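Got a structure for you, questions after.
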Amino acid sequence: MAITKYKAAAVTSEPGWFDLEGGVRKTIDFINEAGQAGCKFVAFPEVWIPGYPYWMWKVTYLQSLPMLKRYRENSMAVDSEEMRRIRRAARDNQIFVSLGFSEIDHATLYLSQVLIGPDGAVINHRRKIKPTHVEKLVYGDGAGDTFMSVSETEIGRVGQLNCWENMNPFLKSLNVSAGEQVHVAAWPVYPGKERQVYPDPATNYADPASDLVTPEYAIETGTWTLAPFQRLSVEGLKINTPEGVEPETDPSVYNGHARIYRPDGSLVVKPEKDFDGLLFVDIDLNECHLTKVLADFAGHYMRPDLIRLLVDTRRKELITEADPNGSIATYSTRQRLGLDKPLEKKEGEDTPDVL
C-alpha cells in the first residue's frame, strides 16, 4: 500500500576515508539511527564509501598514485559481503536506503548509487553517466542500462543523481518524465566560496550546489529534494593530503552544505557548520500536486510534438557473446553483478547487524 506521509533523513557526516570496513560500519550505524527515529527513507552522499577523493583536484599525478591505489583497494563491489551487510541493515530496520559508493567492477571504478528496499533488495543500481573533469582520472562512465534514476516504490517515485548530474537538463527531463516525487541530490565534499580562487568559476564550489542547483532541481521538477553532503575534520584533511605536502588546517569551509527542500523549492532545513548527523524531514507526497499542477514538464506543460528526448538504455559491452542457438546472448549489468539474487541472512545470524 502506498505511503504518502512519512519521515525521511539525509546524512551529513564525514566518511570513513580510505576505509571500506569503517565506512560500512558507519553506514549501518546511520541506517539504524534513522530506523530508530521512525524514518522510512535515509539518503547518503555521493561516494559515501570510502569518501569522495577531493584530493584529485589538488595533487600531481605522482602524488596521487599511493592515494589512488589505497582508494581502489577500499572501494566496494555490489556483489560483496559488505554490501549484503548494508542490505541486511535496511531489512532489519524496514527502511529504504539511497547509498552512494565508489563501485569497483573488475578493474574500473564507478560513481555508483543503489536504492535498497525495506526487504533488503536492490531496487535500483545506477552509475554516474559522466565523471566530472578530473574525476575521469579515477572513474569510468555509466552504461546504457546503469543510468536510469527513478524507481516506483511504496514511498513514492524515488530518484537519485550524483553531484552535477543534478544540473543536467536532460537527466532532469528524464526524471520528470518518470513522475519523480522524491529526489536524492547526492553531493560529495568540496569547499565553499571562501576558497574560490580566480579564475576558477563559482560553479566549482559548494554554495551554488547547495543553494542554487539543489533548490532549482526541486522547483523545476516539483519534488521533495534531499541533498546529503559529506563533511571534513582536521584529521580528515590530513588523511586526504599526500605525503610531503602540508595539509590544510581549517575544515569549516567544507562543512554545513547539506540541505532539504520542499517541492516548491523552499528550504526545510540546513545544518550549522559543526553539525554531524542526520537531517530530518516530514514528507507529504500530496504537496507535489500543487507544484506539478502549475508546471509538469512531462505532461500538460510540455510540447512533445516539438521537443523530445531520445534515451538509449541498451547495454553495450566490449565483447558480444553468441548464445547456444547462434543468436546474440542478452543479459543486463544487474544480472551480471548478481543483484537479482535474493538476500539471505548470513549463517548463524539471528539478530540485526547493529554496530
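Note that Cβ sites are derived from N, Cα and C of the backbone, with glycine treated the same way.
Feature table excerpt (Swiss-Prot):
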- GLU46: active site, proton acceptor (ACT_SITE)
- LYS128: active site (ACT_SITE)
- CYS163: active site, nucleophile (ACT_SITE)
- 6-285: domain 'CN hydrolase' (DOMAIN)
Got a sec? Which of these active-site residues, GLU46, CYS163, has the most Cβ atoms within 10 Å?
GLU46
Give me the Cα-Cα distance between the residue listed as 'active site, proton acceptor' and the residue listed as 'active site', rounded to a whole Å.
10
Using a Cβ cut-off under 8 Å and a sequence separation of 6 or more, which residues in the same chain sit near LYS128 (active site)?
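Non-local contacts for LYS128 (active site): TYR110, LEU111, SER112, TYR139, ASP141, GLY142, PHE147, ASN162, CYS163, GLU165.
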